[in-house]
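Novice: Handing you a structure now.
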Amino acid sequence: MIEIKEDQLEHILDRAIQSISSDDVLQLVSITKSINKTDPLTFFDGVKTLKKDRIFWTSTTDEFCLAGVGSAYEISADEARFEITEDRWNSLLDEAIIYNPYQVPGTGVVALGGMAFDPKKKQTALWKKFKPSQFTIPEYMLTKNENSYYFTVNIVVKKDDHPVQLAKGIMEAEAVIFSNQTSASGNAAISKKKEIKPEQWKETVRQATEEIREKQTEKIVLAREMRLKFNKHAEIGQIIKNLMDTQSNSYVFAFEKGEDCFVGATPERLVKLENEHLLSTCLAGTAPRGATPAEDKKISNDLLHDDKNRQEHDFVVEMIKQSIKKYCTDINIPEEPVIYPLKNLQHLYTPVTAILKNSYSIFDIIKQLHPTPALGGTPKKEAMEFIREHELLDRGWYGAPVGWLDSNKNGEFAVAIRSGLIQGNEASLFAGCGVVKNSNPEAEYEETNIKFLPMLSVLGGQA
Ligand SMILES: C=C(O[C@@H]1C=C(C(=O)O)C=C[C@H]1O)C(=O)O
Ligand SMILES: [Mg+2]
């Protein structure tokens, strides 16, 4: 399946080790090969035997998937996280030895990761495994791009490393990865479900509407948490499978850190970059799906013309437009939103396309956009202060950018909503909604209830 032979691998590693000038240089070697069709979920389940953290990502269709295991190199940052991450990424690539004849997006050196919604909010024990910003270059990674499949090995070599030993370790791991056809072991069932302080949350919504009426802000997004217990350990591979089976038009992602795993199926693109073509999305304004096509159509129509939802949406459109102006040319934003249908709900949707000026990177765009008023509010600073002070929740990575970027300036980031933190046989789910001046706390509460459904339904096993 894999063309590269052990002696070639040894040779590549040997040359890389020889080229290291000093003891403290970290030299990344990355080797990509084209492989036969390999199901990303089977790969994800198979690499479990390596007992290392795994990462999974699909785009909104399963035409594009990444699955990785282990960490050849990690870039984490706290303060100035965008700048530090970009600097370290660029220095790593400057030195890296990359064998990738394909140049297909998502192959070669790829960093996958995410970040905390608000690094200024006090971190609780809930998110202790997740850093304010954390990107991983996996040791082994599968890329599915349309009907082509690629396997990448990444390894950081040091001056005194032994090429023969390293090559042997890699070949052994590959044998394990591709021989192991374990499949997911079935759904866990929810044995206990607890909403965290729902009445207090509604009161916070009311306070936010007051704040808005007093003209401190225009929109504030407030989220809440639901805590679950299962009858056994939840199986991440099974959860991903259920999400892929049920949540179309959504990015399915999983970031594993030991026993904890942040998983979700989010419809919200933050930014996609392919050959300087930029695509962003305004997604805000929500209604349930109808039981019949006629009812569904009526709900869509009402949503498209509902003042309160249009307001929630328009704040996002305006902010994205203003934020990318300096960084892009050829910005194209339709005048009116359309409906974005999902299994359990529907949203107002406006796509944004542009060309990124070549002096800027995906990090510049993420930094400008996060958080959009879809997850923070308007104005950004005031809304964030309100959330920091009043929201009862440590959002952790919920509501923040998660995604990947490669060494050829391609990448895609989604906003991590419709998600949960799985912790063995327990989990926390998160859902929020945009509060504007005439929000009704009870109606917003109901809206968050439908936003819990994508995760709840796949966790209970009654998808
Ligand atoms: C905050 C969430 O979703 C966001 C809020 C929406 C709204 O209030 O209408 C719609 C989509 C997202 O922008 C969530 O799902 O947790
Ligand atoms: Mg809403």
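The count begins at 1 with the first shown residue.
The backbone N, Cα and C atoms fix where each Cβ goes, and this holds for glycine too.
Where the annotation comes from TrEMBL, it is an automatic prediction and has not been curated.
Found this in TrEMBL, in case it helps:
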| type | residues | note |
| --- | --- | --- |
| ACT_SITE | Lys219 | active site, proton acceptor |
| ACT_SITE | Glu268 | active site, proton donor |
| BINDING | Glu312, Glu447 | Mg(2+) binding site |
| DOMAIN | 198-451 | domain 'Chorismate-utilising enzyme C-terminal' |
Novice: Sort out the sequence-distant neighbours of Glu268 (active site, proton donor) for me: same chain, 6+ apart, CB within less than 8 Å of its CB, listed by position.
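Specialist: Counting only residues 6 or more apart in sequence, the Cβ neighbours of Glu268 (active site, proton donor) under 8 Å are Thr281, Leu283, Ala374, Ala414, Val415, Ile417.
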Novice: Under 8 Å Cβ to Cβ from Glu447 (Mg(2+) binding site), same chain, six or more residues apart: give me those in sequence order, or none if nothing qualifies.
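Specialist: Expected: Thr286, Cys433.
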Novice: With DSSP assignments reduced to helix, strand and coil, which class does Glu312 (Mg(2+) binding site) get?
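Specialist: Assignment for Glu312 (Mg(2+) binding site) reads helix.
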Novice: Let's check the environment of Lys219 (active site, proton acceptor): how many other CB atoms sit within 10 Å of its CB?
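Specialist: The answer is 25 other Cβ atoms.
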Novice: Which residues in the same chain, at least 6 apart in sequence, have a Cβ under 8 Å from the Cβ of Glu312 (Mg(2+) binding site)?
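Specialist: Within the chain, Glu312 (Mg(2+) binding site) has Cβ neighbours under 8 Å at Lys219, Ala284, Gly285, Leu348, Pro373, Gly434, Val436.
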